[in-house]
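Colleague: Before anything else, here's the structure in question.
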Amino acid sequence: MSSLLVIVEWSTVVVSLVMMASGLPGCLKMYKERSTRNVPYVMFLLLVIVSALSLQYALMIQNKALILLNLVSVLVWGFYCAIYVVVSQAKTKAVLKFLAVMGLYTGNIYYLRIIPTKAVLPALGNYLIVWCTVVYVIPLEDVITMIREKSNNSCDMSLLSAGTLSGVVWSFYGYLLKDSAILVPSLVGLAVSLVKLIVYFYCELSGASNKSFHSNGTGTVNGKKKSEFENGSYNIRPREDLRKRN
């Protein structure tokens with residue numbers, strides 16, 4: 001293994017751990033406030049599946065870095081899901097979602113048990129392409145929400161930044177390994193993160209300009225900016241008219 005590949009490999013592990021840790025503040029906030037608003041529970045559940053399948057994939061290709069990373073991933077995402085269930089008011093619904101996702105995982109494992117041994121690794125790779133792509137596409141919902149609400153309040157910038165950096169290093173890592181199971185979903189994830197960043201900063205700039213307009217308390221008339229005195233006079237005149245009528 002080349003020195004560049006080793007560096008990129010462990011950089012990928014570190015960045016991925018940082019990405020997982022970036023979800024901790026949101027998890028703590030969810031627990032303290034007892035609110036599950038804007039918490040991507042389904043994505044966390046799918047990340048548990050992806051991590052479990054990736055762990056099996058790493059064991060088969062005997063990649064120690066990926067074994068360590070995905071073992072930690074299963075524990076971290078599983079912990080986030082557990083906190084969600086504890087905090088959630090609709091526990092039955094949360095548990096049913098958990099059982100549904102675990103049912104999908106069980107079906108995947110059952111299929112891997114009944115196919116020939118030589119076909120297991122390629123099948124696992126295809127699983128990872130599909131499930132990772134699904135996980136990376138889910139955040140597009142945030143883009144729709146930000147555009148609809150014209151606000152980036154629904155987007156966690158720390159998680160987005162970590163996800164973007166993770167997409168970069170994972171894409172490069174998959175390219176060096178020439179492993180489509182890693183490269184394809186990583187490129188999809190990177191593209192989605194870049195779209196989210198563009199929309200995020202667009203909403204940020206739009207919000208800043210709106211705040212500036214309202215804070216100045218001035219508008220325009222025939223393309224000219226009104227003074228505060230003129231704004232005040234427009235507010236007073238209707239009252240004077242009412243007095244005259246009375």
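Even glycines carry a Cβ here, placed using N, Cα and C.
Curation does not apply to TrEMBL; its annotations are automatic.
According to TrEMBL, the record shows the following:
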- 6-27: transmembrane segment (TRANSMEM)
- 39-59: transmembrane segment (TRANSMEM)
- 65-87: transmembrane segment (TRANSMEM)
- 94-113: transmembrane segment (TRANSMEM)
- 119-138: transmembrane segment (TRANSMEM)
- 159-176: transmembrane segment (TRANSMEM)
- 182-203: transmembrane segment (TRANSMEM)
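Situate these features within the shown structure.
Modeller: Tertiary neighbourhood of the transmembrane segment (65-87): same-chain residues 9-10, 12-13, 16-17, 20, 23, 27, 30-31, 34-36, 39, 41, 44-45, 47-48, 50-52, 54-55, 57-59, 94-95, 98, selected by CB-CB distance under 8 Å and a gap of 6+ residues from either end.
Panel annotation: around the transmembrane segment (94-113), residues 41-42, 45-46, 48-49, 52-53, 56, 81, 84-85, 88, 120, 123-124, 127 of the same chain, lying at least six beyond its termini, place a Cβ under 8 Å from a Cβ of the stretch.
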Colleague: Relative to the transmembrane segment (39-59), which of 6-27, 119-138, 159-176 accounts for the most Cβ pairs at distances under 8 Å?
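Modeller: By the under-8 Å Cβ criterion, the transmembrane segment (39-59) pairs most with 119-138.
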Colleague: Should anything in the same chain at least six residues away from the transmembrane segment (119-138) have a Cβ under 8 Å from its Cβ atoms, list it; otherwise answer none.
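Modeller: Long-range Cβ neighbours of the transmembrane segment (119-138): 40, 42-43, 46-47, 49-50, 53-54, 56-57, 60-61, 108, 111-112, 167, 179-182, 184-186, 188-189, 192.
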